[in-house]
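Participant: Supplied in structure tokens, the structure appears directly below.
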């Protein structure tokens, strides 16, 4: 009810009256004026969204969105995450099950996901999930009462008689799960009647049902959590992503006065209604005044990403970064939204563009996978590719005398774009660090393949030569790439 009152400002609708509908678009609140004229079919019924009991708030919201995006046709498809972010303005996070299944520690990932669901139900966060698996047919879903490529809301999460259960609702209000733990399942015979009544096991006719966590993972492909918090403070700032043409770096400075939970979300304009607009990668990095990484998100090519943390009193710097179009001059705008339990102060400040490389180096040192490059243990690479939508490679030369020669080859990779090139050769001076390359998934509709071959050499000679290179950096580090790829002395950190 709180969200509905926020979205639709008018409580009454008379013929010909304009309604003000408030929606969060690209991270910014927008008030849209719409009338009560809706597209209809020949029989007089609404052509698009409709609600029970002739309620108009659903078609009003839909019409406002169609007005913002240019047409009703532009609203085709979408995710629960996108819808929740538009309606509430709060940050949302998603978990893709097929991505989780690529993990070597799958059981641990599932345990963490279950814990996340439990911790989200307790404070009453909004949750939804998407039904569908690429490897399964529509018939396999209909056989068990599920609708493929369809959204379901999550109402509850419980541990019952040793079984992890999730209560779902089909958003159509009909068609329910018919497998284990459905309304008529014999599994409920193991549960005392008073406990069954508390769990409200009835409701299949209205699309309500319980399903085991195991079956949920089998038939569903993603879960979305929206951090709606009543009484929280909200701050939003707009900015432009830095790129190779930037002469300065604008970051957001946070002043935290009391220990506080903080949800940060980074938004960009979506391609909805704009076929020529590309979605870029989004990365949030949060550092304290000692250059310590305190929070970050998994870099993704999405309309928005989320980063949640608890911050102690002090000052923090938030970096909003993107690398897909690093050498493109056209500016790409973003909105940074901050929701916090206690009041905070946020402002934009300007820093030297070289701080981008320093931030990425600190991030890679904290989260990257190290690999030794020499027998003395003074030269390393740190690689980031898990949750990165591509790869970042950092080279660290702690040797006081020798130079680190490194060759990196990405020519066998597919659907990736690089900030420098697919094949690089670099000579890193003693006691220096350098971001070698940042590669990013290019097309979001296709999967990518990452194959990286690296060769190393420790030498007291700075000239490359070994791999046919004519300079210490191939490709050369140009004004467009120096802000992230220039070697930086170790004593800067």
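Each Cβ is built from the backbone N, Cα and C atoms, and glycine gets one as well.
What TrEMBL records for this protein is below:
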type	residues	note
DOMAIN	26-229	domain 'Calpain catalytic'
ACT_SITE	150	active site
ACT_SITE	170	active site
REGION	466-493	region 'Disordered'
COMPBIAS	469-484	compositional bias 'Polar residues'
Participant: If you draw a 10 Å sphere on the Cβ of residue 170 (active site), how many other Cβ atoms land inside?
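Facilitator: By my count, 22.
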Participant: Cα of residue 170 (active site) to Cα of residue 150 (active site): how many Å, rounded?
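Facilitator: That separation, Cα to Cα, works out to 8 Å.
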Participant: When secondary structure is assigned with DSSP, how many helix, strand and coil residues does the compositional bias 'Polar residues' (469-484) contain?
Facilitator: 3 helix, 2 strand, 11 coil
Participant: By a simple count, how many Cβ atoms lie within 10 Å of the Cβ of residue 150 (active site), its own Cβ left out?
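Facilitator: For residue 150 (active site), the count of other Cβ atoms within 10 Å is 16.
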Participant: Looking only at the domain 'Calpain catalytic' (26-229), what is the mean pLDDT?
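Facilitator: A mean pLDDT of 91 is what the predicted model shows over the domain 'Calpain catalytic' (26-229).
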